[in-house]
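Working notes, beginning with the structure itself.
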(Lines of atoms letter the chains of each structure in order from A and count residues from 1; the text may use other names and numbers.)
(Lines give C-alpha, C1' and ligand atoms only; values in the text may rest on other atoms or scores of the structure.)
Protein backbone atom coordinates (compact mmCIF):
# COMPACT_ATOMS: atom_id res chain seq x y z
CA UNK A 1 0.00 0.00 0.00
CA UNK A 2 2.99 2.30 0.44
CA UNK A 3 3.55 2.63 -3.32
CA UNK A 4 0.13 4.25 -3.92
CA UNK A 5 0.56 7.25 -1.55
CA UNK A 6 4.23 7.40 -2.57
CA UNK A 7 3.39 8.00 -6.22
CA UNK A 8 0.55 10.40 -5.36
CA UNK A 9 2.95 12.51 -3.26
CA UNK A 10 5.55 12.14 -6.00
CA UNK A 11 3.32 13.60 -8.73
CA UNK A 12 1.60 16.29 -6.67
CA UNK A 13 4.49 17.59 -4.57
CA UNK A 14 8.00 16.24 -5.18
CA UNK A 15 8.20 16.65 -8.97
CA UNK A 16 6.78 20.21 -9.04
CA UNK A 17 9.03 21.24 -6.14
CA UNK A 18 12.05 19.63 -7.80
CA UNK A 19 11.31 21.67 -10.94
CA UNK A 20 10.88 24.89 -8.95
CA UNK A 21 14.12 24.53 -6.98
CA UNK A 22 16.21 23.80 -10.07
CA UNK A 23 14.56 26.70 -11.92
CA UNK A 24 15.23 29.32 -9.25
CA UNK A 25 18.81 28.11 -8.81
CA UNK A 26 19.48 28.31 -12.55
CA UNK A 27 17.90 31.76 -12.89
CA UNK A 28 19.82 33.35 -10.02
CA UNK A 29 23.01 31.23 -10.32
CA UNK A 30 23.02 30.99 -6.52
CA UNK A 31 22.86 28.17 -3.99
CA UNK A 32 20.12 27.27 -1.54
CA UNK A 33 21.08 30.05 0.86
CA UNK A 34 21.92 32.75 -1.69
CA UNK A 35 18.60 32.70 -3.54
CA UNK A 36 16.88 34.38 -0.61
CA UNK A 37 18.45 37.67 -1.61
CA UNK A 38 15.21 38.14 -3.56
CA UNK A 39 13.25 37.78 -0.29
CA UNK A 40 15.59 38.77 2.56
CA UNK A 41 12.95 38.27 5.24
CA UNK A 42 12.80 34.57 4.35
CA UNK A 43 16.52 33.97 4.49
CA UNK A 44 15.84 31.75 7.49
CA UNK A 45 14.59 29.12 5.03
CA UNK A 46 18.08 28.91 3.54
CA UNK A 47 19.64 28.76 7.00
CA UNK A 48 17.18 26.03 8.02
CA UNK A 49 18.06 24.02 4.90
CA UNK A 50 21.78 24.34 5.63
CA UNK A 51 21.17 23.23 9.23
CA UNK A 52 19.28 20.16 8.02
CA UNK A 53 22.11 19.42 5.57
CA UNK A 54 24.71 19.54 8.36
CA UNK A 55 22.65 17.26 10.60
CA UNK A 56 21.99 14.91 7.68
CA UNK A 57 25.66 14.75 6.70
CA UNK A 58 26.71 13.99 10.27
CA UNK A 59 24.71 10.79 10.60
CA UNK A 60 24.57 9.83 6.92
CA UNK A 61 28.33 9.44 6.75
CA UNK A 62 28.22 7.05 9.69
CA UNK A 63 26.01 4.81 7.54
CA UNK A 64 28.60 5.10 4.75
CA UNK A 65 31.21 4.03 7.31
CA UNK A 66 29.10 0.93 8.09
CA UNK A 67 29.01 0.14 4.37
CA UNK A 68 32.81 0.43 4.17
CA UNK A 69 33.10 -1.85 7.20
CA UNK A 70 31.05 -4.56 5.49
CA UNK A 71 32.72 -4.01 2.13
CA UNK A 72 36.26 -4.50 3.42
CA UNK A 73 35.09 -7.41 5.59
CA UNK A 74 33.82 -9.10 2.42
CA UNK A 75 37.30 -9.50 0.93
CA UNK A 76 37.73 -12.95 2.49
CA UNK A 77 37.26 -16.50 1.31
CA UNK A 78 34.51 -17.02 3.89
CA UNK A 79 32.32 -14.10 4.95
CA UNK A 80 32.96 -13.34 8.66
CA UNK A 81 29.24 -13.25 9.46
CA UNK A 82 28.61 -16.72 8.01
CA UNK A 83 29.89 -18.76 10.98
CA UNK A 84 30.19 -18.57 14.76
CA UNK A 85 33.55 -18.97 16.48
CA UNK A 86 34.81 -15.43 16.01
CA UNK A 87 35.96 -13.34 18.96
CA UNK A 88 32.77 -11.25 18.86
CA UNK A 89 30.43 -14.27 18.96
CA UNK A 90 28.71 -15.39 22.16
CA UNK A 91 27.53 -18.75 23.46
CA UNK A 92 24.08 -17.97 22.02
CA UNK A 93 25.43 -17.88 18.47
CA UNK A 94 23.80 -20.46 16.21
CA UNK A 95 24.66 -21.15 12.57
CA UNK A 96 21.89 -21.76 10.08
CA UNK A 97 21.36 -25.39 9.10
CA UNK A 98 18.38 -26.38 6.99
CA UNK A 99 18.14 -29.76 8.76
CA UNK A 100 18.35 -28.54 12.35
CA UNK A 101 16.19 -26.30 14.47
CA UNK A 102 17.66 -23.58 16.64
CA UNK A 103 18.59 -25.12 20.02
CA UNK A 104 16.55 -22.58 22.01
CA UNK A 105 14.57 -19.43 21.44
CA UNK A 106 17.43 -17.21 22.61
CA UNK A 107 19.67 -18.30 19.75
CA UNK A 108 21.24 -15.47 17.74
CA UNK A 109 22.49 -15.77 14.17
CA UNK A 110 26.15 -14.92 13.40
CA UNK A 111 24.87 -12.15 11.09
CA UNK A 112 23.21 -10.37 14.02
CA UNK A 113 26.23 -10.83 16.28
CA UNK A 114 28.58 -9.50 13.59
CA UNK A 115 26.39 -6.40 13.29
CA UNK A 116 25.68 -5.75 16.96
CA UNK A 117 28.88 -7.01 18.62
CA UNK A 118 31.56 -6.37 16.00
CA UNK A 119 30.41 -3.43 13.86
CA UNK A 120 28.46 -1.49 16.50
CA UNK A 121 29.64 -3.01 19.77
CA UNK A 122 26.25 -1.79 20.87
CA UNK A 123 25.67 -0.79 24.49
CA UNK A 124 22.54 -1.23 26.60
CA UNK A 125 21.09 2.20 25.83
CA UNK A 126 21.48 5.90 25.18
CA UNK A 127 22.67 6.42 28.75
CA UNK A 128 25.74 4.27 28.04
CA UNK A 129 27.63 5.78 25.10
CA UNK A 130 30.79 3.77 25.80
CA UNK A 131 34.04 4.17 23.88
CA UNK A 132 34.83 4.87 20.24
CA UNK A 133 34.89 1.90 17.88
CA UNK A 134 38.32 2.45 16.35
CA UNK A 135 37.74 0.53 13.11
CA UNK A 136 34.43 2.30 12.52
CA UNK A 137 36.07 5.64 13.26
CA UNK A 138 38.76 4.88 10.68
CA UNK A 139 36.15 4.12 8.02
CA UNK A 140 34.32 7.32 8.94
CA UNK A 141 37.51 9.31 8.35
CA UNK A 142 38.09 7.54 5.02
CA UNK A 143 34.56 8.34 3.88
CA UNK A 144 34.88 12.03 4.75
CA UNK A 145 38.31 12.21 3.07
CA UNK A 146 36.78 10.93 -0.17
CA UNK A 147 33.96 13.49 0.03
CA UNK A 148 36.50 16.27 0.56
CA UNK A 149 38.50 15.12 -2.46
CA UNK A 150 35.39 15.60 -4.63
CA UNK A 151 33.93 18.84 -3.24
CA UNK A 152 37.16 20.76 -2.64
CA UNK A 153 37.19 21.89 -6.29
CA UNK A 154 33.43 21.88 -6.74
CA UNK A 155 31.10 19.11 -7.80
CA UNK A 156 30.88 20.50 -11.35
CA UNK A 157 34.69 20.20 -11.62
CA UNK A 158 34.69 16.51 -10.64
CA UNK A 159 32.34 15.30 -13.36
CA UNK A 160 34.12 12.09 -14.38
CA UNK A 161 34.23 10.64 -10.87
CA UNK A 162 30.61 11.59 -10.24
CA UNK A 163 29.58 9.93 -13.51
CA UNK A 164 31.24 6.69 -12.35
CA UNK A 165 29.58 6.76 -8.91
CA UNK A 166 26.23 7.57 -10.54
CA UNK A 167 26.24 4.96 -13.33
CA UNK A 168 28.07 2.01 -11.75
CA UNK A 169 25.32 1.32 -9.16
CA UNK A 170 22.88 0.64 -11.99
CA UNK A 171 25.16 -2.04 -13.38
CA UNK A 172 25.34 -3.63 -9.92
CA UNK A 173 21.60 -3.21 -9.46
CA UNK A 174 20.84 -4.99 -12.73
CA UNK A 175 23.17 -7.90 -11.90
CA UNK A 176 21.70 -8.25 -8.40
CA UNK A 177 18.17 -8.07 -9.79
CA UNK A 178 18.83 -10.89 -12.27
CA UNK A 179 20.34 -12.99 -9.47
CA UNK A 180 17.54 -12.13 -7.05
CA UNK A 181 14.59 -13.03 -9.27
CA UNK A 182 16.11 -16.46 -10.00
CA UNK A 183 16.22 -17.44 -6.31
CA UNK A 184 13.72 -19.90 -4.86
CA UNK A 185 10.81 -18.02 -3.29
CA UNK A 186 11.59 -14.78 -5.14
CA UNK A 187 8.10 -14.69 -6.67
CA UNK A 188 6.50 -14.63 -3.21
CA UNK A 189 8.61 -11.63 -2.29
CA UNK A 190 7.74 -9.78 -5.50
CA UNK A 191 4.02 -10.45 -5.03
CA UNK A 192 4.27 -9.10 -1.49
CA UNK A 193 5.99 -6.02 -2.95
CA UNK A 194 3.42 -5.16 -5.65
CA UNK A 195 0.18 -6.35 -4.00
CA UNK A 196 -1.35 -3.44 -2.07
CA UNK A 197 -3.20 -3.85 1.19
CA UNK A 198 -5.93 -1.29 0.55
CA UNK A 199 -6.86 -1.06 4.23
CA UNK A 200 -3.52 0.64 4.92
CA UNK A 201 -4.43 3.55 2.61
CA UNK A 202 -6.69 4.89 5.35
CA UNK A 203 -3.91 4.91 7.92
CA UNK A 204 -2.24 8.34 8.34
CA UNK A 205 1.06 6.65 9.19
CA UNK A 206 1.41 5.36 5.60
CA UNK A 207 0.85 8.82 4.11
CA UNK A 208 3.25 10.39 6.59
CA UNK A 209 5.96 7.90 5.64
CA UNK A 210 5.28 8.33 1.92
CA UNK A 211 5.39 12.14 2.06
CA UNK A 212 8.61 12.17 4.05
CA UNK A 213 10.24 9.52 1.87
CA UNK A 214 9.43 11.22 -1.42
CA UNK A 215 10.92 14.53 -0.24
CA UNK A 216 13.98 12.77 1.07
CA UNK A 217 14.68 10.69 -2.04
CA UNK A 218 14.24 13.67 -4.36
CA UNK A 219 16.39 15.95 -2.21
CA UNK A 220 13.65 18.55 -1.89
CA UNK A 221 14.17 21.11 0.88
CA UNK A 222 17.91 20.50 1.32
CA UNK A 223 19.07 23.27 -1.02
CA UNK A 224 21.13 20.80 -3.05
CA UNK A 225 18.79 21.00 -6.07
CA UNK A 226 19.07 24.79 -6.07
CA UNK A 227 22.85 24.49 -5.93
CA UNK A 228 23.00 21.98 -8.79
CA UNK A 229 20.67 24.18 -10.84
CA UNK A 230 22.96 27.17 -10.27
CA UNK A 231 25.71 25.42 -12.25
CA UNK A 232 23.54 25.28 -15.39
CA UNK A 233 23.86 27.76 -18.22
CA UNK A 234 21.12 30.40 -18.19
CA UNK A 235 19.22 28.94 -21.15
CA UNK A 236 19.74 25.29 -20.20
CA UNK A 237 16.58 23.24 -20.75
CA UNK A 238 16.23 22.29 -17.11
CA UNK A 239 12.66 21.10 -17.70
CA UNK A 240 13.99 18.26 -19.85
CA UNK A 241 16.78 17.51 -17.36
CA UNK A 242 14.35 17.54 -14.44
CA UNK A 243 11.95 15.24 -16.31
CA UNK A 244 14.74 12.71 -16.86
CA UNK A 245 15.76 12.76 -13.20
CA UNK A 246 12.15 12.56 -12.01
CA UNK A 247 11.64 9.50 -14.23
CA UNK A 248 14.88 7.74 -13.30
CA UNK A 249 14.49 8.32 -9.55
CA UNK A 250 11.24 6.36 -9.01
CA UNK A 251 12.38 3.78 -11.57
CA UNK A 252 15.50 3.24 -9.46
CA UNK A 253 13.31 2.85 -6.38
CA UNK A 254 11.21 0.23 -8.17
CA UNK A 255 14.30 -1.70 -9.31
CA UNK A 256 15.79 -1.52 -5.81
CA UNK A 257 12.53 -2.82 -4.39
CA UNK A 258 12.64 -5.70 -6.87
CA UNK A 259 16.17 -6.61 -5.73
CA UNK A 260 15.30 -6.39 -2.03
CA UNK A 261 11.93 -8.15 -2.08
CA UNK A 262 13.11 -10.99 -4.30
CA UNK A 263 15.77 -11.65 -1.67
CA UNK A 264 13.22 -11.32 1.15
CA UNK A 265 11.07 -13.89 -0.63
CA UNK A 266 14.05 -16.24 -0.76
CA UNK A 267 14.76 -15.57 2.91
CA UNK A 268 11.16 -16.40 3.82
CA UNK A 269 11.37 -19.56 1.70
CA UNK A 270 14.48 -20.75 3.56
CA UNK A 271 13.01 -19.95 6.98
CA UNK A 272 9.59 -21.41 6.19
CA UNK A 273 7.91 -18.11 7.10
CA UNK A 274 5.77 -15.54 5.31
CA UNK A 275 7.51 -12.58 3.66
CA UNK A 276 5.92 -10.20 6.14
CA UNK A 277 7.63 -12.02 9.01
CA UNK A 278 11.14 -11.46 7.64
CA UNK A 279 10.75 -7.83 6.53
CA UNK A 280 12.84 -5.43 8.57
CA UNK A 281 12.88 -1.65 8.45
CA UNK A 282 15.81 0.71 8.89
CA UNK A 283 19.41 -0.50 8.73
CA UNK A 284 18.38 -4.09 9.43
CA UNK A 285 17.47 -4.58 5.78
CA UNK A 286 20.89 -3.67 4.37
CA UNK A 287 23.06 -4.92 7.22
CA UNK A 288 21.16 -7.98 8.46
CA UNK A 289 18.75 -9.50 5.95
CA UNK A 290 20.74 -9.10 2.74
CA UNK A 291 24.10 -10.19 4.23
CA UNK A 292 22.42 -13.29 5.67
CA UNK A 293 20.97 -14.28 2.30
CA UNK A 294 24.25 -13.53 0.51
CA UNK A 295 26.16 -15.71 2.98
CA UNK A 296 24.10 -18.71 1.84
CA UNK A 297 24.81 -18.21 -1.88
CA UNK A 298 27.62 -19.81 -3.87
CA UNK A 299 30.52 -17.34 -4.33
CA UNK A 300 29.05 -15.37 -1.43
CA UNK A 301 32.01 -12.98 -1.14
CA UNK A 302 31.55 -11.84 -4.76
CA UNK A 303 27.86 -11.07 -4.26
CA UNK A 304 28.59 -9.32 -0.97
CA UNK A 305 31.26 -7.11 -2.54
CA UNK A 306 28.95 -6.26 -5.44
CA UNK A 307 26.10 -5.35 -3.09
CA UNK A 308 28.14 -3.13 -0.80
CA UNK A 309 29.99 -1.44 -3.67
CA UNK A 310 26.56 -0.54 -5.04
CA UNK A 311 25.46 0.84 -1.65
CA UNK A 312 28.72 2.76 -1.32
CA UNK A 313 28.31 4.43 -4.71
CA UNK A 314 24.69 5.34 -4.00
CA UNK A 315 25.51 6.63 -0.53
CA UNK A 316 28.58 8.64 -1.42
CA UNK A 317 26.92 10.12 -4.51
CA UNK A 318 24.06 11.45 -2.39
CA UNK A 319 26.56 12.87 0.07
CA UNK A 320 28.39 14.76 -2.70
CA UNK A 321 25.22 16.75 -3.42
CA UNK A 322 24.43 17.73 0.17
CA UNK A 323 28.07 18.51 1.01
CA UNK A 324 28.31 20.66 -2.12
CA UNK A 325 25.10 22.47 -1.16
CA UNK A 326 26.58 23.33 2.24
CA UNK A 327 29.83 24.72 0.84
CA UNK A 328 27.95 26.65 -1.86
CA UNK A 329 25.66 28.16 0.78
CA UNK A 330 28.64 29.41 2.78
CA UNK A 331 30.31 30.88 -0.32
CA UNK A 332 27.06 32.60 -1.32
CA UNK A 333 26.94 34.23 2.10
CA UNK A 334 30.61 35.23 2.12
CA UNK A 335 31.76 35.62 -1.52
CA UNK A 336 35.20 36.77 -0.37
CA UNK A 337 35.88 33.14 0.59
CA UNK A 338 35.45 31.79 -2.96
CA UNK A 339 39.20 31.89 -3.56
CA UNK A 340 39.62 29.79 -0.39
CA UNK A 341 37.07 27.17 -1.31
CA UNK A 342 39.39 24.25 -0.46
CA UNK A 343 39.96 25.61 3.03
CA UNK A 344 36.23 26.19 3.57
CA UNK A 345 35.48 22.64 2.41
CA UNK A 346 38.19 21.22 4.69
CA UNK A 347 36.89 23.10 7.73
CA UNK A 348 33.32 21.94 7.09
CA UNK A 349 34.43 18.33 6.58
CA UNK A 350 36.44 18.30 9.82
CA UNK A 351 33.60 20.04 11.69
CA UNK A 352 31.03 17.46 10.57
CA UNK A 353 33.43 14.57 11.14
CA UNK A 354 33.95 15.63 14.75
CA UNK A 355 30.20 16.00 15.31
CA UNK A 356 29.70 12.51 13.90
CA UNK A 357 32.21 10.81 16.20
CA UNK A 358 29.67 10.20 19.02
CA UNK A 359 27.79 7.96 16.57
CA UNK A 360 30.92 5.85 16.16
CA UNK A 361 30.76 4.93 19.85
CA UNK A 362 29.10 1.87 21.36
CA UNK A 363 25.93 3.85 22.03
CA UNK A 364 26.10 5.65 18.70
CA UNK A 365 23.29 3.66 17.11
CA UNK A 366 20.77 5.06 19.58
CA UNK A 367 21.91 8.60 18.82
CA UNK A 368 21.82 7.97 15.08
CA UNK A 369 18.24 6.74 15.24
CA UNK A 370 17.28 9.89 17.15
CA UNK A 371 18.79 12.07 14.42
CA UNK A 372 17.14 10.01 11.69
CA UNK A 373 13.70 10.27 13.30
CA UNK A 374 13.86 13.90 14.39
CA UNK A 375 16.71 16.04 13.05
CA UNK A 376 16.30 15.01 9.40
CA UNK A 377 12.76 13.69 9.60
CA UNK A 378 9.70 14.31 7.49
CA UNK A 379 8.57 16.92 10.00
CA UNK A 380 11.57 19.19 9.45
CA UNK A 381 11.58 18.80 5.65
CA UNK A 382 7.83 19.42 5.41
CA UNK A 383 8.22 22.55 7.52
CA UNK A 384 10.96 23.94 5.27
CA UNK A 385 9.24 23.00 1.99
CA UNK A 386 5.99 24.63 3.13
CA UNK A 387 7.65 27.97 3.80
CA UNK A 388 9.74 27.68 0.65
CA UNK A 389 6.68 27.17 -1.56
CA UNK A 390 4.71 29.92 0.18
CA UNK A 391 7.56 32.44 0.04
CA UNK A 392 8.38 31.88 -3.63
CA UNK A 393 4.84 31.64 -5.01
CA UNK A 394 2.74 33.73 -2.62
CA UNK A 395 5.19 36.46 -1.66
CA UNK A 396 7.62 36.65 -4.58
CA UNK A 397 4.83 35.65 -6.91
CA UNK A 398 3.83 32.81 -9.18
CA UNK A 399 3.80 35.19 -12.14
CA UNK A 400 7.36 36.34 -11.47
CA UNK A 401 8.56 32.74 -11.26
CA UNK A 402 6.74 31.90 -14.50
CA UNK A 403 8.26 34.93 -16.25
CA UNK A 404 11.75 33.87 -15.16
CA UNK A 405 11.19 30.36 -16.49
CA UNK A 406 9.95 31.73 -19.84
CA UNK A 407 13.04 33.94 -20.00
CA UNK A 408 15.25 30.86 -19.63
CA UNK A 409 13.53 28.18 -21.73
CA UNK A 410 11.05 30.15 -23.84
CA UNK A 411 7.78 28.98 -22.27
CA UNK A 412 5.89 29.42 -19.04
CA UNK A 413 5.11 26.44 -16.80
CA UNK A 414 1.64 24.98 -17.23
CA UNK A 415 -1.25 25.61 -14.88
CA UNK A 416 -0.74 22.28 -13.07
CA UNK A 417 2.75 23.25 -11.94
CA UNK A 418 1.61 26.69 -10.82
CA UNK A 419 -1.31 25.20 -8.87
CA UNK A 420 0.98 22.65 -7.25
CA UNK A 421 3.47 25.32 -6.14
CA UNK A 422 0.92 27.68 -4.62
CA UNK A 423 -1.87 25.37 -3.41
CA UNK A 424 -1.24 21.63 -3.47
CA UNK A 425 2.29 21.57 -2.02
CA UNK A 426 1.49 23.87 0.96
CA UNK A 427 -1.73 21.94 1.63
CA UNK A 428 0.00 18.55 1.49
CA UNK A 429 2.80 19.78 3.75
CA UNK A 430 0.35 21.09 6.35
CA UNK A 431 -1.76 17.92 6.24
CA UNK A 432 1.14 15.50 6.57
CA UNK A 433 2.85 17.71 9.19
CA UNK A 434 -0.31 17.78 11.32
CA UNK A 435 -0.78 14.02 10.99
CA UNK A 436 2.85 13.54 12.03
CA UNK A 437 2.30 15.54 15.21
CA UNK A 438 -1.17 14.17 16.04
CA UNK A 439 -0.22 10.54 15.40
CA UNK A 440 3.20 10.86 17.00
CA UNK A 441 4.58 7.69 18.56
CA UNK A 442 7.79 7.44 20.62
CA UNK A 443 10.58 5.66 18.79
CA UNK A 444 11.78 2.21 19.78
CA UNK A 445 15.07 0.62 18.76
CA UNK A 446 14.83 -2.94 17.37
CA UNK A 447 11.42 -3.36 19.04
CA UNK A 448 13.21 -3.85 22.36
CA UNK A 449 14.69 -0.57 23.61
CA UNK A 450 12.38 2.30 24.55
CA UNK A 451 14.06 5.70 24.71
CA UNK A 452 13.96 7.57 28.03
CA UNK A 453 11.99 10.81 28.21
CA UNK A 454 15.15 12.90 28.04
CA UNK A 455 16.14 11.02 24.88
CA UNK A 456 12.83 12.01 23.28
CA UNK A 457 13.48 15.61 24.35
CA UNK A 458 16.89 15.47 22.69
CA UNK A 459 15.18 14.35 19.49
CA UNK A 460 12.68 17.20 19.49
CA UNK A 461 15.44 19.70 20.21
CA UNK A 462 17.31 18.36 17.17
CA UNK A 463 14.19 18.96 15.07
CA UNK A 464 13.72 22.47 16.45
CA UNK A 465 17.33 23.44 15.71
CA UNK A 466 16.49 23.77 12.01
CA UNK A 467 12.80 24.73 12.16
CA UNK A 468 13.35 27.61 14.60
CA UNK A 469 15.63 29.33 12.10
CA UNK A 470 12.73 30.42 9.88
CA UNK A 471 10.59 32.35 12.42
CA UNK A 472 13.68 33.49 14.34
CA UNK A 473 15.23 35.12 11.27
CA UNK A 474 11.89 36.73 10.33
CA UNK A 475 11.72 38.35 13.77
CA UNK A 476 15.37 39.42 13.54
CA UNK A 477 14.81 40.91 10.08
CA UNK A 478 11.71 42.86 11.14
CA UNK A 479 13.46 44.23 14.23
CA UNK A 480 16.62 45.33 12.41
CA UNK A 481 15.05 46.61 9.17
CA UNK A 482 13.68 50.19 9.25
CA UNK A 483 10.13 50.88 8.08
CA UNK A 484 6.74 49.24 8.46
CA UNK A 485 5.96 45.67 7.40
CA UNK A 486 4.18 46.99 4.29
CA UNK A 487 7.19 49.12 3.35
CA UNK A 488 9.54 46.18 3.85
CA UNK A 489 7.40 43.98 1.60
CA UNK A 490 7.30 46.65 -1.12
CA UNK A 491 11.10 46.97 -1.03
CA UNK A 492 11.48 43.18 -1.30
CA UNK A 493 9.17 42.97 -4.31
CA UNK A 494 11.04 45.81 -5.98
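Glycine too: its Cβ is placed from the backbone N, Cα and C atoms.
Just so you know, TrEMBL annotations are computer predictions that nobody has curated.
Noted in TrEMBL for the protein shown:
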type     : residues      : note
TRANSMEM : 6-24          : transmembrane segment
TRANSMEM : 45-72         : transmembrane segment
DISULFID : 84-93         : disulfide bond
TRANSMEM : 136-155       : transmembrane segment
TRANSMEM : 167-194       : transmembrane segment
TRANSMEM : 206-231       : transmembrane segment
TRANSMEM : 243-264       : transmembrane segment
BINDING  : 249, 314, 318 : Na(+) binding site
TRANSMEM : 301-331       : transmembrane segment
TRANSMEM : 343-368       : transmembrane segment
TRANSMEM : 374-395       : transmembrane segment
TRANSMEM : 415-438       : transmembrane segment
TRANSMEM : 458-479       : transmembrane segment
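Feature map: annotations from TrEMBL on the structure.
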| residue | record | Cβ neighbours (10 Å) |
| --- | --- | --- |
| 84 | disulfide bond | 17 |
| 93 | disulfide bond | 19 |
| 249 | Na(+) binding site | 18 |
| 314 | Na(+) binding site | 21 |
| 318 | Na(+) binding site | 19 |
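Long-range contacts of the transmembrane segment (45-72) within the same chain, counting only residues at least 6 positions beyond its ends with a Cβ under 8 Å from a Cβ of the stretch, are 32-36, 119, 135-136, 139-140, 142-144, 147, 221-224, 283, 286-287, 291, 304-305, 308-309, 311-312, 315-316, 318-319, 322-323, 325-326, 329, 352-353, 355-356, 359-360, 364, 368, 371-372, 375-376, 380-381, 383-384, 387-388, 391, 462, 465-467, 469-470, 473. A gap of 40 Å separates the Cα atoms of residue 249 (Na(+) binding site) and residue 84 (disulfide bond). Taking only the Cα positions, the spacing between residue 84 (disulfide bond) and residue 314 (Na(+) binding site) is 31 angstrom. Ranked by Cβ pairs under 8 Å to the transmembrane segment (243-264), the stretches 6-24, 206-231, 415-438 are led by 6-24. In sequence order, 217, 252, 317 are the residues of the same chain, not among 249, 314, 318, whose CB sits within 8 A of the CB centroid for the Na(+) site. Counting Cβ pairs under 8 Å to the transmembrane segment (374-395), the top-ranked stretch among 6-24, 206-231, 301-331, 343-368, 415-438 is 415-438. Under the DSSP three-state reduction, residue 93 (disulfide bond) is assigned to strand. Tertiary neighbourhood of the transmembrane segment (301-331): same-chain residues 31-34, 46, 49-50, 53-54, 56-57, 60-61, 63-64, 67-68, 70-71, 74-79, 143, 146-147, 150-151, 154-155, 162, 164-166, 168-169, 172-173, 175-176, 179, 219, 222-224, 226-228, 230, 286, 290-291, 294-295, 337-338, 341, 344-345, 348-349, selected by CB-CB distance under 8 Å and a gap of 6+ residues from either end. Taking the C-alpha positions, the distance from residue 93 (disulfide bond) to residue 318 (Na(+) binding site) comes to 36 Å. The transmembrane segment (343-368) shares more Cβ pairs under 8 Å with 136-155 than with any other stretch in the list 6-24, 136-155, 415-438.
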